[in-house]
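For 11, 44, 45, 46, 100, the entry in TrEMBL reads GTP binding site. Annotation comment: TrEMBL describes 197, 211 as Mg(2+) binding site. Taken from TrEMBL, the feature substrate binding site covers 262, 319, 320, 321. Summarising the annotation, TrEMBL assigns domain 'ATP-grasp fold succinyl-CoA synthetase-type' to 2-199. According to TrEMBL, the domain 'ATP-citrate synthase/succinyl-CoA ligase C-terminal' annotation covers 260-380. According to TrEMBL, the site 'Important for substrate specificity' annotation covers 33, 101.
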């Protein structure tokens with residue numbers, strides 16, 4: 001809907017949650033051919049496999065009756081693709097759309113790129129397939145062009161990219177218009193990536209965005225309320241949803257040593273050194289620079305609720321973070337939830353002596369570490 005509302009050419013479609021809805025949609029669309037697509041937040045659906053053995057999350061049919069049949073085989077089933085977790089993702093919605101004959105497929109994307117310190121256009125005349133494979137085997141088929149954020153995509157840039165993608169004549173002009181409209185959408189919704197694959201042309205000369213993937217900047221949620229309200233969280237990790245309620249940056253992993261750290265870089269380093277010493281991190285958890293005692297308490301509740309966690313490592317290097325705040329949060333949490341897991345704490349920085357005294361006076365069985373290496377070794381040794 002976002003694309004159609006912003007001047008971007010897409011197929012006519014609707015989304016169904018039941019086979020009955022899919023049948024109604026097929027009657028309403030009343031087109032010559034239908035395409036049915038499983039709606040999950042992952043690519044590679046066409047080559048995916050469902051838990052019931054049904055092959056492919058994208059199917060074409062000219063028979064209205066088969067629309068219902070395909071949808072019935074997809075809904076409620078788990079779909080595994082190259083881009084899903086190994087256990088796949090449950091399909092709860094299916095798109096029923098007008099199928100168009102694609103005469104030629106290309107690839108186009110706009111994304112934020114550190115190399116260019118801003119947005120960049122990426123295109124290839126070889127669309128409809130994994131762009132990673134194209135980049136690996138035929139790097140010369142990839143075209144990039146950085147965008148000046150002050151001027152946006154110019155007519156010259158858009159026409160040049162359209163030409164690189166192989167569009168000619170009126171279709172080149174239309175492709176250029178679509179490219180400019182896609183950039184306007186990119187800016188309007190605070191996207192970090194808008195990927196169209198395939199970005200193609202039909203046998204009747206239409207330039208159409210046949211499939212899209214859009215990533216949004218979480219930091220812009222406060223001004224993109226309508227966009228973020230579309231996320232029903234059905235495919236999100238429940239732990240990540242719970243962490244977000246407390247403004248904690250959390251990503252669940254499959255290890256057994258839980259990490260509570262301040263700063264994304266330090267959190268990554270902590271996970272790396274745990275692996276270095278033979279352990280496996282259970283999560284990434286950055287409490288940030290303005291952490292409160294309540295957030296530390298919430299973080300401990302989150303970590304201890306994970307049944308695979310066998311030890312907790314707290315690694316705080318306090319600059320703007322007050323170590324005493326962390327220490328109070330730790331002691332309150334441990335007493336409230338009756339923590340029985342081994343707890344290793346490394347504190348350094350602002351008010352560290354006060355913090356160490358708080359932990360010592362708590363009489364809790366906390367293992368103190370002198371540095372990150374020592375903390376990691378002690379955490380791993382607790383598992384043996």
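Please read every residue number as a count from 1 along the shown chain.
Including glycine, each Cβ sits where the backbone N, Cα and C put it.
With a cut-off of 8 Å between CB atoms and residues at least 6 apart in sequence, the same chain places 60, 61, 62, 98, 99 near residue 33 (site 'Important for substrate specificity'), listed in sequence order. Comparing the Cα of residue 46 (GTP binding site) with the Cα of every entry in 197, 262, 319, 321, these being the binding-site residues, the smallest distance points to 197. Rounded to a whole value, the Cα-Cα separation of residue 211 (Mg(2+) binding site) and residue 262 (substrate binding site) is 39 Å. Nearest neighbour of residue 101 (site 'Important for substrate specificity') by Cα distance, taken over the binding-site residues 11, 45, 262, 319, 321: 11.
Within the model, the domain 'ATP-citrate synthase/succinyl-CoA ligase C-terminal' (260-380) shows a mean pLDDT value of 89, rounded to a whole number.
In sequence order, 37, 38, 56, 57, 58, 79, 81 make up the list of same-chain residues 6 or more apart from residue 45 (GTP binding site) whose Cβ falls under 8 Å from its Cβ.
In sequence order, 263, 289, 291, 316, 317, 318, 322, 349, 350 are the residues of the same chain, not among 262, 319, 320, 321, whose CB sits within 8 A of the CB centroid for the substrate site.
If you take the C-beta of residue 320 (substrate binding site) and look for same-chain residues 6 or more apart in sequence within under 8 angstroms, you find 289, 290, 350.
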